[in-house]
Amino acid sequence: MVQGCLCWRGCCDLKTSFPWVTNSRRLWMNCIGCNPVWRLRAWGCLAGGTTLMVIWLFWLLRSVPGGAPAPQPTLTILIWHWPFTNRSPELSSDTCTRYGMASCHLSANRSLLASADAVVFHHRELQTRHSRLPLDQRPHGQPWVWATMESPSNTHGLRHFRGIFNWVLSYRRDSDIFVPYGRLEPFSGPTPPLPAKSRMAAWVVSNFQERQQRAKLYRQLAPHLKVDVFGRASGRPLCPNCLLPTVARYRFYLSFENSQHRDYITEKFWRNALAAGAVPVVLGPPRTTYEAFVPPDAFIHVDDFSSARELAVFLVSMNESRYRGFFAWRDRLRVRLLNDWRERFCTICARYPYLPRSQVYEDLESWFQA
């Protein structure tokens, strides 16, 4: 094969290019630049190489940071029971977009069971209404989500749901879909003023049972600390818009959980205390659990004291400088309440790509009670 042709257009001067060759036709047939067959093959190779180069560049642009993201298919999350009500709220197509999660559609339309990407069952309705799960209509491989924000002490009947659910949505940090009651977020605006304090301690409680640890602790505190009790249990209920301004007048708020369980930190801490501007005195999981969510100097844990009397003395004798130190976090952080079930369910879409499809909770009761 002759590759020394001086002209690539098929009109080379063979005698000039190769004066030592006497058979010009043989030379022409073997010249890549002159033979039309070889020219077509060469141009074909060039075109193929160019196509491969374009494909490679397109892949590279999509794979590097800042490249055009691949469009994500819209996920449909079916809510079988809307929590605590027979009617779901309005669920528009952009519901999850409001919470920063695109390509996610929530629906309470049970006719979508066959096509939904995941189905959510809230335990309270399973527990109180004895609703029948649509096991005979379940599509093969469809993930089912068990959801609750209640403590194990108030969650019953889990033995009936062995080997059914794939994922768990709850306040537990080891849940597949972790949804706390609240969190602290970075905040760069001006520090909000601390409400004026005129009273010592407040407690809002609706379900007061003497057998509960919080009731026992309150009985021990009461002789040493002035605590104003609100809620149905005391006959002094507060309207929804009255709770925060009422608690804001108090220096401390008793954030006593109704039961003490792993990661169980509810609105009694996030809303009733932190959002209201009172220092939370907490009874719940260990101090280390609270410190996973907030700075260690943002709350007072009852476990840090040997007795209720010692705790009361600490609260009553606290000077103003020490008291204001519990609000240092407000200079850079703010409370974000996560009490909207729509946002909680939208979180499923954010976690969906990372969750194992083949996982099954064979003993949901043992896992949740642990």
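Counting begins at 1 with the first residue displayed.
Cβ atoms are placed via backbone N, Cα and C, with glycine included.
Keep in mind it's a predicted model, so treat the numbers as computed, not measured.
Here's what Swiss-Prot has on this protein:
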- Cys96-Cys104: disulfide bond (DISULFID)
- Cys239-Cys242: disulfide bond (DISULFID)
- Cys346-Cys349: disulfide bond (DISULFID)
- Asn86: N-linked glycosylation site (CARBOHYD)
- Asn109: N-linked glycosylation site (CARBOHYD)
- Asn319: N-linked glycosylation site (CARBOHYD)
- 1-36: topological domain 'Cytoplasmic' (TOPO_DOM)
- 60-370: topological domain 'Lumenal' (TOPO_DOM)
- 37-59: transmembrane segment (TRANSMEM)
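Locations of recorded Swiss-Prot features on the structure.
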residue	record	contacts (Cβ under 8 Å, 6+ apart)
Asn86	N-linked glycosylation site	none
Cys96	disulfide bond	Ala102, Cys104, His105, Leu106, Arg342, Cys346, Cys349
Asn109	N-linked glycosylation site	Leu78
Cys239	disulfide bond	none
Cys242	disulfide bond	none
Asn319	N-linked glycosylation site	none
So how many other Cβ atoms are close to Cys349 (disulfide bond), meaning within 10 Å of its Cβ?
24
Mind looking up the mean pLDDT for the topological domain 'Lumenal' (60-370) in the predicted model?
94
